[in-house]
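The next block holds one structure in the form of structure tokens; read it before the comments.
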Amino acid sequence: MANGGGGGGGSSGGGGGGGGGGSGLRMSSNIHASHLSLDASSSSSSSSSSSSSSSSSSSSSVHEPKMDALIIPVTMEVPCDSRGQRMWWAFLASSMVTFFGGLFIILLWRTLKYLWTVCCHCGGKAKEAQKINNGSSQADGTLKPVDEKEEAVAAEVGWMTSVKDWAGVMISAQTLTGRVLVVLVFALSIGALVIYFIDSSNPIESCQNFYKDFTLQIDMAFNVFFLLYFGLRFIAANDKLWFWLEVNSVVDFFTVPPVFVSVYLNRSWLGLRFLRALRLIQFSEILQFLNILKTSNSIKLVNLLSIFISTWLTAAGFIHLVENSGDPWENFQNNQALTYWECVYLLMVTMSTVGYGDVYAKTTLGRLFMVFFILGGLAMFASYVPEIIELIGNRKKYGGSYSAVSGRKHIVVCGHITLESVSNFLKDFLHKDRDDVNVEIVFLHNISPNLELEALFKRHFTQVEFYQGSVLNPHDLARVKIESADACLILANKYCADPDAEDASNIMRVISIKNYHPKIRIITQMLQYHNKAHLLNIPSWNWKEGDDAICLAELKLGFIAQSCLAQGLSTMLANLFSMRSFIKIEEDTWQKYYLEGVSNEMYTEYLSSAFVGLSFPTVCELCFVKLKLLMIAIEYKSANRESRILINPGNHLKIQEGTLGFFIASDAKEVKRAFFYCKACHDDITDPKRIKKCGCKRLEDEQPSTLSPKKKQRNGGMRNSPNSSPKLMRHDPLLIPGNDQIDNMDSNVKKYDSTGMFHWCAPKEIEKVILTRSEAAMTVLSGHVVVCIFGDVSSALIGLRNLVMPLRASNFHYHELKHIVFVGSIEYLKREWETLHNFPKVSILPGTPLSRADLRAVNINLCDMCVILSANQNNIDDTSLQDKECILASLNIKSMQFDDSIGVLQANSQGFTPPGMDRSSPDNSPVHGMLRQPSITTGVNIPIITELVNDTNVQFLDQDDDDDPDTELYLTQPFACGTAFAVSVLDSLMSATYFNDNILTLIRTLVTGGATPELEALIAEENALRGGYSTPQTLANRDRCRVAQLALLDGPFADLGDGGCYGDLFCKALKTYNMLCFGIYRLRDAHLSTPSQCTKRYVITNPPYEFELVPTDLIFCLMQFDHNAGQSRASLSHSSHSSQSSSKKSSSVHSIPSTANRQNRPKSRESRDKQKYVQEERL
């Protein structure tokens, strides 16, 4: 068998030298017999292809040449010469000579250049001096030869620079050519690496014919390209030395020259071609050039993977080389046959420190390399692999892009995304009472959701999707398809410690979204009223196109202010704008009637053409009696097509075609009756459920109509100026103005602000409104509003202007304004005073709401309402303690005791009575805000409204209730009674505004007292109200509706109070006085047969027609402005229109005989009261 191999070797060597070759090969066959079978097939093919002797010599025996070739070590096939000499050193030497030769030349050039610079340093200085000395003769042309020489040098430098710049452009990724070249080089490097993987199955060194080996030809073409690219890089390099030592350069040194050597020697050496794997490190750069990688996480992930894999493959290539070759000092005798992929496996188990032992290094070089590699490899494995797994695990969970569903709209919700905010939003947005919610909700937040929030998303997976990202990043906005979204809703953190910072964050979100897509509709929550002005600075912000800012401070304090005028109104309004399911209770308890009202919400619908030409009260009565709907407002188009929302406008206004009505109903389907109603078809129908689309309506629908389904839902194109009133004079016979000059006095006196919407006075210094405790006690305040405020110099501002403005609305006469007394820290109130100094009848008592002496000084037992606010709530981390100050103050007031005799004495003394006010008994007024008990001897009976941050803290306000701590806020007794208010109830306004943008306008009209966009722009400029002269235009703005409470105990409706029907009261009040009733404020225990001492009341919203009334009920109503209330209060009609805020003191004729005896008392006191209050208004 050995002799046959020798013959083959001789044949390959050529001619008669075959025998010698065979004998030489037989010696090595005795040593490596165990490895010979691996190369049998390859040696035979190589032998036959390279033979140049006679055919008989090459084909004498087929079996023996194979066996003779198998004697050669696995590192080489049949040698390409007669001696079987290895040539690996030639390949390695080519790389070493190239590297060190080039390095030597670079260093030599630098040395010579340095020496030249040092030697010529003095000569250079002499030339510079010569230039300076000859500077004056330059104009005469004496330096022309020098100039020509300098130009030649400059041209040479310019040519070299141009070549260098051209080479830099060619390899730069800034240009298209450069990017193509860079990507091509990387792709060819990977191709060369693949060729290495293919060749690794062959012996380390083998004979190859360049003209017949296809892979060698491809590899040669690749390396020629690498050589050209290397030249470009060398030319473009600024520092040639550092370029020579770069990793990519070293890769080229050890891979390119050996290919040329292999062509020359007609043999191949696998060698260091594995270094091409180091090119994988640039993989992330290539993907960035192609704009495939854009996020930091993806770039980091690809970087880690490329470094890890390139290091792994390169190290495996080195082990493969040394293990298959053996140690040179051992004459390559200790080699072992390992495939490249076995080496890859070996390196992985080595890095992971597992080390199974099935594959291991035998050579000294291999083991020495493993010793050093295991140190770095272990560190890399331990750090890179966990990070890679973490990036892969987190990357795809909430990444990706939103895929829009055809025929289905989607909205984007961002901002403060937490379990509480999202659950409240989804509960209201996806409520079953909403008609056909075919909207998908896409949440975008930069923090991944926790487990609870994730579970919430999964429960609503059919309509909710979450994506991790930021609205400040245009890439993330593109992912959620913001350009095709129906709207973008931004939630605010109501409990943040710095409200201004939170508002600034949301304003930046608005700017980012509008910058990306100016036409997107945005609804955002704002915490502070003064920050709304910054939204006006955004060019693409347009409230006419549906953009809205829901200011929580403005609405929260507006709700509370309305409760000062009609206690319980805050609860009723909050329930109307929230979606609540109907909860049926069979037992005859107060909860039964309360929950029946809670199920009512606010809806809009276009009115049927059957109502065209009818007056508003007529349509309102018809809707209530026949359709079982309560209409409280309409959208009115004036002659110039300007749209306004009018609340209970009165009988002078006629319904137009296409009028939008605002209804209170239990669901959206009921409101459709107002659109489907037809007098011809439905006039005799008694069951409102049978009022459906009739044949007449179908004929109308076939004709062109201006009412689109989208308008019915959102009415986006008919945005009106919020709170603006029609500039029309009332023509109701009961409301004919007598002599306006009596009430408005001299038109040259500024009594109202420039818009005519609020009472105004000249700015006052805070020192002039501060009362000491003794001054407050001597003043004997009565029928006023006490505002207990907790705050200090470092507290965030609440924005008390939003509380005062509704109480100073111009649709009150001056004598009807309630005096406001602030009790709190003077340091805090000084910070708020700049926004309050233009309002009349405001006083400050420095102190603390927890001091009973301060509370007694302001006669808290005689106040119409006590408001408890805190500016320190968000500075406490423990949510259960956030409301501690308000709760303590409330409990403190409720535990106070008062002497009735002192109260009666004070009420009849020369105490506080603003000019023109009647001191009549409040208990017999037909219209008043809160039916005061004959006397208050305990603090429990004092009307209080407490602001809470944490809903669960409501359980601490009433010690005698049985509310469960887990009960929702709207189901608790304090909220139902109107004695507690939490800002969380305003969350529902986000979804309500989205579905109907007129809803926010309506609620702001109701609670702010008449704030308009013009007024907001003015406040944004000056941060204060500007006084204006009384003109017919501004005075016409006073003619608007307001909320009041109607007492049934006595007065024109006393006959209905005892067992009458609510529907009869509704119709009588509407027909007789244009008063629109919409709810009842009833004693909690009124349903009990036995009399109770409990004075707590609860709210009943929109009771049915047949609902039975009791004498102690107070009726919520929308009252017209009474022009004559400022002149005369001697008629019944005027008393029915007097304000509930002034009814406790004046503005009505009462039925008790003692009234006449008291009529002269205000006149006798007027001069004394003016000294303290009227004079303040004129300062």
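Please read every residue number as a count from 1 along the shown chain.
Heads up, the Cβ atoms here are built off N, Cα and C, so glycines get one too.
Sequence annotations record features per position, and here Swiss-Prot assigns compositional bias 'Low complexity' to 41-61 (among others).
Under the heading topological domain 'Cytoplasmic', Swiss-Prot lists 109-179 (among others), citing sequence analysis as support.
Taken from Swiss-Prot, the feature S-palmitoyl cysteine covers Cys119 (among others). Cβ neighbours within 10 Å of Cys119 (S-palmitoyl cysteine), excluding its own Cβ and spanning all shown chains: 9.
Taken from Swiss-Prot, the feature S-palmitoyl cysteine covers Cys120 (among others), and the record attributes it to similarity to another entry. Here the Cβ of Cys120 (S-palmitoyl cysteine) has 11 other Cβ atoms within 10 Å, regardless of which shown protein chain they belong to.
Here Swiss-Prot flags Cys122 (among others) as S-palmitoyl cysteine.
Residues 106 of the same chain lie 6 or more positions beyond the ends of the topological domain 'Cytoplasmic' (237-240) yet place their CB under 8 Å from a CB of it. The feature topological domain 'Cytoplasmic' is assigned by Swiss-Prot to 237-240 (among others).
Residues or ranges marked as topological domain 'Cytoplasmic' by Swiss-Prot: 287-301 (among others). Note on the topological domain 'Cytoplasmic' (287-301): mean pLDDT across this stretch is 83.
What Swiss-Prot records for 390-1179 (among others) is topological domain 'Cytoplasmic', and it gives sequence analysis as the kind of evidence.
Residue density at Glu465 (Mg(2+) binding site): 19 other Cβ atoms are found within 10 A of its Cβ, drawing on all protein chains shown. According to Swiss-Prot, the Mg(2+) binding site annotation covers Glu440, Gln463, Glu465, on the basis of a curator's inference.
Residues or ranges marked as region 'Segment S9' in Swiss-Prot: 780-800.
Among the features that Swiss-Prot reports, compositional bias 'Low complexity' is placed at 1129-1154 (among others).
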**Message:** Of the binding-site residues Glu440, Gln463, Glu465, which one has its Cα closest to the Cα of Cys119 (S-palmitoyl cysteine)?
**Reply:** Glu465
**Prompt:** Who are the long-range neighbours of the topological domain 'Cytoplasmic' (287-301) in its own chain, taking Cβ under 8 Å and residues 6 or more past its ends?
**Reply:** 173, 179, 182-183, 388, 391-392, 394-395, 475
**Item:** For Cys120 (S-palmitoyl cysteine), the one of Glu440, Gln463, Glu465 that lies nearest, given that the binding-site residues are compared by Cα
**Value:** Glu465
**Item:** Neighbourhood of Glu440 (Mg(2+) binding site) by C-beta distance under 8 A, where only residues 6 or more apart in the same chain count
**Value:** Val405, Arg408, Lys409, His410, Ile411, Gln463, Val464, Glu465
**Asked** Relative to the Cβ position of Gln463 (Mg(2+) binding site), how many further Cβ atoms are located within 10 Å?
**Response** 15
**Message:** Using the CB centroid of Glu440, Gln463, Glu465 as the Mg(2+) site centre, which other residues of the same chain sit with their CB within 8 A?
**Reply:** His410, Val439, Ile441, Val442, His460, Phe461, Thr462, Val464
**Request:** Helix, strand, coil: count each for the residues of the region 'Segment S9' (780-800), based on DSSP.
**Result:** 0 helix, 6 strand, 15 coil
